[in-house]
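Got a structure for you, questions after.
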């Protein structure tokens, strides 16, 4: 087995199975007769490096060698043959550093057939570059192996000798023999410590059993023998007092033994330790070493003042001046957190006029004045100062809790002639926005500290500051010099600090500060952001929203009110949120344009008047109204001058057109004959939607029964005839009345009478109705109120043959046409009727 490939520096080689032995060169031998079964045999080779503490394992599998089956014709060659006994002595042992005598016989090898013997040997061990020469030899005739000198096991742990046996004629009847010579260890190496000096630290007052450190030693003799079994012990301790530490004999671990390690008494310990092999037996070899254990400081000593009372003096109004140094005593290690002093003022410094710090170099407390003292207020101050350490205090075992050390300091204040003093030195004055110029906003006066009054003190404001206020030089009264408005320039910040000087009779000055703060006021009126609205027939409420330039509490919430009583009965306001209210009409409010006065009151009580213009329009969408109302109502509805003039001109124009049409119709009957077949203009009676009033008038034409029950025109041949039917069956033949012609009397030419056929031509109808319609229109004009009656006849243009709506006749000429532009501008009621018809 190649051992060096697995572990180059193997010092210990062993086999897990006692039936096998492994030499240093990797040769594997059986120690007894071995019979292999059908299963393979397995064992492990263990390699160890003692110095490097490395261990490796090699697994070896032995398989029975397969035997070849001989042919049958050579079966006679398979008979058993006698074999010679193999020569092989057991491994030899040589004592390390043997005293001889030399040459020293080690072993003898013999062969039954050979007579001459020779050897070749090699050494195995750490650091062997080449085999030693002349160390072993063998007698050629006897086979005795001799050693020529002593061997060091640490240098050559073992040797492998290869023996060759030959006959006198040079024939080798034997296989070469590998023989091992092991050097048996002698305790010739004393153990030694791995360090010349071991240094450890342990906190003071540590409990017994606390591990301090570990000492280690080594021995070059053969491992795992008594020669390398070491024992440790403490030989001596410095200082030679009660033993403070213990040393474990097998492991070399040092532990605390003394329950009270006090650094202030013994800062460090020096231990002389010994290590001995042969398990500590007196005849074993030993070596000593040194261990130094330092005791680390803990804050187990509280600082204390050297003096309990101090006195010092300081002039009044002195600032940032050192007035006293105090010192303490601390037994802990200097420079450590356990001895660093931390001072504090426990009592007498309510105004924070004093401050105490620590001088890191001397550990003293430095007392300073950081705020000027006033002799007139207090002629002396008594301070109580306490001291602690930077590190928290640790109570030592079997000791009592200590109280904090304190000292008393009396500070005497010396009187000094000083200037006026403002009380308070900072005065805050709040000014409402937009106050008048010259408004008194406060008074800022100073006092003489010696006299305690303000006599003879004058005041002034140095230039270069915000020009908002001035101060009376004698009384100290503060007044505004500008209108303060937070919306203007530098005033947007809302405040300004003004320094004021107070000068006494001796010319000494004192300073004070006035902080002028502009308080938001109620200077703005609440206003409605949008005042023009269009409300359609759905009468959806309008959301009125107001804004106020003021800040809280002078802005929202707002309260809305309608100031006009008459409009308040037609419109109502309901709250929505703090800024908005809903405006909605009541159910009986007619259409029209309304100008509603609405007052808005902010949270500060300031009232803003607004006029909301609402066009209550009969529309579906606001765009239909186009800025004008579509129906005028009574009440508060007003019409403009141009609307009134348009209405008058329209009425006159309509009357003029009616007169012109009637005049043209009359002239056409007198001077022109209309042929019977010209029926371009037909008058067709439409159904009556409701019965009219009973009117007794000689201008009304009574009608008689007709033979047909329909109202329609029939054209026969070349002549257009009419068939007039009324619900009661009256016809034109039954007309009675003096001076009036009947339709039969005006018919021209012969032919069948109208009474028989109930059919008349257009010319006959025109000649019969024209004078009567003219007389009717004339009577309408003569009405007392100059208004048209509701039952007078209206003229309609001929719509053409086959119209779905039917045709109506007119008294105008058949070639004349009326203007139909008025159909593009229908009134709201007719527009609603048209929309309803379209939907149906």
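Placed from the backbone N, Cα and C atoms, the Cβ positions cover glycine too.
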Of the ranges 639-662, 663-686, 687-710, which one does TrEMBL list as transmembrane segment?
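Comparing 639-662, 663-686, 687-710 with TrEMBL, transmembrane segment matches 639-662.
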In this predicted model, what is the average pLDDT of the domain 'Cadherin' (96-193)?
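It averages 79.
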On the DSSP side of things, how many residues of the domain 'Cadherin' (194-305) fall into helix, strand and coil, could you say?
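For the domain 'Cadherin' (194-305), the helix, strand and coil counts are 6 helix, 50 strand, 56 coil.
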When secondary structure is assigned with DSSP, how many helix, strand and coil residues does the domain 'Cadherin' (96-193) contain?
0 helix, 40 strand, 58 coil
Write out how many residues of the domain 'Cadherin' (423-528) are helix, how many strand and how many coil, based on DSSP.
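Residue counts for the domain 'Cadherin' (423-528) by secondary structure: 5 helix, 45 strand, 56 coil.
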